[in-house]
Amino acid sequence: MTIKVLVVDDSALIRNLLGKMIEADSELSLVGMAADAYMAKDMVNQHRPDVITLDIEMPKVDGLTFLDRLMKARPTAVVMISSLTEEGADATFNALALGAVDFIPKPKLDSPQDFNEYQDLILEKIKSAAHAKLKTQRAAPAVVVQPSHKPALSNRVINTQLVAIGASTGGTEAILSLLQQFPAVMPPIVITQHMPPGFTRTFAERLNKLTRLNVKQAEDGERLLPCYVYIAPGDQHLEVIKVGGSFKTRLTQGDKVSGHRPSVDVLFNSVAECAGANTTAAILTGMGKDGADGMALIDEQGGKTFAQGEQSCVVFGMPREAIKRGVIHHVVELPQLADKMLNYLASLKRD
């Protein structure tokens, strides 16, 4: 069965470009191209697409309004096409909160290599979206519990442990849900979420507003502090190194690892090497296998490993690969994951 795709974009150039890319893939079937939300609504009813690529900025009815109506009337897998601006990034995260599966920046095709890389990426995202769990099909997010109901962590744990998290498709909302359940006082948290440049700073700012923790985009060479969360910048690997008695960040422009930059494997490998048994790591929703090798090293070094359960994942790819390797100690659905991680940290020897 081919995957039926509807392209919705007010730019004829983008519509035709995406249409040609989709038509060139035998696994996909282009069922229509719409220039605005009104045309799109008719085509959704007529063709019942499996996946919709949706421009955020459209005339008459904008992409967010259309997405909200679509998710209420006929939930469908949607990949947002987003502009590389601060406003575009904000709108993208609002779209993901409304139920969009994934997003991709608008193409900047300055060379044949750019075209080929963009084509590979958009086709991969469309195929992944077709097999994703929609918001209505996933385990409900946890209700945020007040800090007084959370187990207290000892000063030793807060100052010696390191929490590492990796995610891809569906990860922005999963990370938000997880961090919202953490208390304000935590060991340093480092996160790699697959995301292009131009979006990670806005993502960090969003998390900073919506959680009790201090969240920021990681900078090179900064000391990791308790109560802070550090997000890997787009197109840069985030590593943790130990300098003296302190954990510090290192950002690099190395080759893609497991197909990604930033890579979860790069982060997890570095944390395993410098924090060892003082590592608590979680691998969340995402396609592919990035993070499985790193989880194996964390397990080998004596760290504690968690994976998000299938029922709450948008795409159960990265967790599945790590679980298959036999290196995950606890498989937990997202609503219960924060409590499981906190209970483990609270159980460690007190000072």
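Using N, Cα and C of the backbone, Cβ positions are placed for all residues, glycine too.
If you draw a 10 Å sphere around the CB of S168 (active site), it holds 27 other CB atoms from the protein chains shown. According to Swiss-Prot, the active site annotation covers S168 (among others).
Every protein chain shown contributes to the tally, and the Cβ of H194 (active site) ends up with 25 other Cβ atoms within 10 Å. Marked as active site by Swiss-Prot: H194 (among others).
For D290 (among others), the entry in Swiss-Prot reads active site. When secondary structure is read from DSSP and collapsed to three states, D290 (active site) falls in the coil class. Long-range C-beta contacts of D290 (active site), restricted to its own chain and to partners at least six residues apart, with a cutoff below 8 Å, comprise G166, S168, H194, V257, S258, G259, H260, S263, V264, D265, M318.
Residues of the domain 'Response regulatory' (4-121) grouped by DSSP class, helix first, strand second and coil last, total 57 helix, 27 strand, 34 coil. Taken from Swiss-Prot, the feature domain 'Response regulatory' covers 4-121, and the record attributes it to sequence analysis.
According to Swiss-Prot, the domain 'CheB-type methylesterase' annotation covers 156-348.
Annotated 4-aspartylphosphate per Swiss-Prot: D55, in sequence order.
There are 26 other CB atoms within 10 A of the CB of D55 (4-aspartylphosphate), with all protein chains counted. Taken together, the residues in the domain 'CheB-type methylesterase' (156-348) have a mean pLDDT of 97 on the 0 to 100 scale.
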